[in-house]
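S.K.: So TrEMBL has the following annotated:
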type	residues	note
ACT_SITE	K79	active site, proton donor/acceptor
BINDING	G179, C180, G181, N182, V183, A184	NAD(+) binding site
Amino acid sequence: MIFDRMENGDYEQIVYCYDKTSGLKSIIVIHDTTLGPALGGCRMWDYKSEEEALRDVMRLAKGMTYKNAAAGINLGGGKSVIIGDPRKDKSEALFRAFGRFVESLNGRYITAEDVGTKTEDLDIVYQETNYVVGISESYGSSGNPSPVTAYGVYKSMLRTAKEAFGEESLKDKTIAIQGCGNVAYYLCKYLKEEGARLIVTDILEEAIQKFVDEFGAERVDVDQIYEVEADIFCPCALGGILNDNTIPKLKVKAICGSANNQLEDIERHGQMLEERGIIYAPDFIVNAGGAINVADELSGYNRERALSKAGNLYNQIGLVFEIAKRDKITTAKAANRMAEERIAAIKEIHTSFLKNEHNVYTRRK
Ligand SMILES: NC(=O)C1=CN([C@@H]2O[C@H](COP(=O)(O)OP(=O)(O)OC[C@H]3O[C@@H](n4cnc5c(N)ncnc54)[C@H](O)[C@@H]3O)[C@@H](O)[C@H]2O)C=CC1
Ligand SMILES: O=C(O)CCC(=O)C(=O)O
């Protein structure tokens with residue numbers, strides 16, 4: 001069955017990694033390496049089943065192919081998951097064991113952070129492999145990608161507001177934020193400065209409290225976030241949250257957030273949003289700042305350059321809105337089209353033989 005799923009989604013490689021002593025159970029998925037080695041973070045989550053973990057990592061890996069392609073990054077798409085509770089199951093041995101499996105792929109997969117993993121975890125991974133980005137700045141790396149991701153989300157939200165409300169200001173706009181984590185935190189700094197009103201939720205009480213205290217945000221229960229009266233819904237937690245149950249509840253004019261894979265079904269739920277007159281800013285365009293930031297490391301990290309490229313997501317989102325209107329398709333489809341066209345074009349120029357094939361990884365200083 002797994003080969004059927006790989007064939008249907010055009011996946012290159014799935015690697016199951018197990019280490020008895022550390023208890024590591026991890027899945028690394030390489031979706032597509034047309035543009036270069038597969039880049040994507042490592043998520044640590046307490047999945048209820050192996051199937052749930054596999055489904056998540058396959059969706060995330062494919063999303064990275066599209067994200068990197070649309071953002072103009074010369075890298076393919078991959079992702080990994082570690083099955084376990086990030087609050088209880090982390091250890092040095094676990095992350096070193098994971099690092100050894102990443103190393104065994106010899107550069108076909110480059111890991112980074114995602115939900116449940118942090119810069120300090122990746123510093124441990126770095127003990128075993130060079131194929132890791134977003135480690136501590138003291139190693140000459142780019143550090144935590146979340147501030148740059150948040151900047152890209154903020155710029156994308158300005159462009160989305162222009163599309164939805166006719167002006168790019170977020171002043172006095174109400175933003176409903178799902179997930180009070182890393183990206184949401186840095187994003188809220190911008191939103192607060194703009195004079196937006198914030199409504200937040202999280203499954204963790206302490207995470208919410210920080211946003212209430214620091215940003216004066218209003219809190220709601222986890223399920224209420226879909227029903228609040230707001231201008232923009234900003235998903236910053238996990239994926240699959242725009243679905244048959246939630247879309248009919250939404251009372252917003254636009255959606256723009258950092259979470260990966262927000263639409264449970266790209267075709268159907270993209271269409272449902274369109275029919276409800278809700279402007280959807282496709283997730284993998286909006287949240288590409290993180291990938292842009294860590295990918296920049298591979299050519300000798302420069303913060304200003306990374307921020308400037310993340311800021312350009314304002315224009316990228318604008319382009320997606322234009323393509324959607326021009327081709328009379330949903331914004332979700334327009335974003336996919338943009339990525340697919342770039343991959344197809346680059347594949348074409350890769351047909352001729354080059355002795356020293358240019359490898360982006362070797363450019364790292
Ligand atoms: N950190 C980065 O630079 C990037 C993050 N992303 C995506 O953005 C999203 C957020 O990432 P981070 O802020 O780094 O993660 P994080 O782990 O710091 O924050 C996620 C927050 O969501 C909360 N959460 C989980 N399930 C929830 C639910 N059902 N309802 C409400 N809250 C819930 C968690 O308790 C946590 O506080 C993820 O989907 C991630 O894949 C995408 C690109 C880059
Ligand atoms: O932002 C990162 O940490 C690396 C890229 C990634 O995994 C993502 O954008 O989801």
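Just so you know, glycine gets a Cβ as well, placed from its N, Cα and C.
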S.K.: Would you please pick out, from the binding-site residues G179, G181, the one with the fewest other Cβ atoms within 10 Å of its Cβ?
M.R.: G181
S.K.: Judged by the number of other CB atoms within 10 angstroms, which among C180, V183, A184 is the least packed of the binding-site residues?
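M.R.: Across C180, V183, A184, these binding-site residues, the one with fewest Cβ atoms within 10 Å is C180.
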S.K.: Measure from the CA atom of K79 (active site, proton donor/acceptor) to the CA atom of G179 (NAD(+) binding site) and give the result in Å, rounded to a whole number.
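M.R.: About 21 Å separate the Cα atoms of these two residues.
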S.K.: Measuring Cα to Cα, tell me the gap between A184 (NAD(+) binding site) and K79 (active site, proton donor/acceptor) in whole angstrom.
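M.R.: Cα-Cα, rounded: 21 Å.
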S.K.: Out of the recorded positions I have (K79, G179, G181), which ones have their Cβ sitting under 6 Å from ligand 1?
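M.R.: Near ligand 1, sequence order: G179, G181.
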S.K.: C-alpha of C180 (NAD(+) binding site) to C-alpha of the residue listed as 'active site, proton donor/acceptor': distance in Å?
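M.R.: Checking the Cα atoms of C180 (NAD(+) binding site) and the residue listed as 'active site, proton donor/acceptor' gives a distance of 23 Å.
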S.K.: Write out, in the order they occur in the sequence, the residues of the chain not among G179, C180, G181, N182, V183, A184 that have a C-beta within 8 Å of the mean position of the C-beta atoms of the recorded NAD(+) site.
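M.R.: Near the NAD(+) site, the remaining chain residues are S146, I177, Y185, L187, D202, A207, C236, A237, S258.
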S.K.: Might you list, by sequence position, any residue in that chain lying six or more from K79 (active site, proton donor/acceptor) with a Cβ less than 8 Å away from its Cβ?
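M.R.: Counting only residues 6 or more apart in sequence, the Cβ neighbours of K79 (active site, proton donor/acceptor) under 8 Å are I28, V29, H31, G40, G41, C42, R43, V57, L60, A61, G63, M64, D114.
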S.K.: Tell me the Cβ neighbour count for N182 (NAD(+) binding site), meaning other Cβ atoms within 10 Å of its Cβ, over all protein chains shown.
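M.R.: Step by step: centre on the Cβ of N182 (NAD(+) binding site), count other Cβ atoms within 10 Å, giving 20.
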S.K.: According to DSSP, does K79 (active site, proton donor/acceptor) fall in a helix, a strand, or coil?
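M.R.: Looking at the DSSP assignment, K79 (active site, proton donor/acceptor) belongs to a strand.
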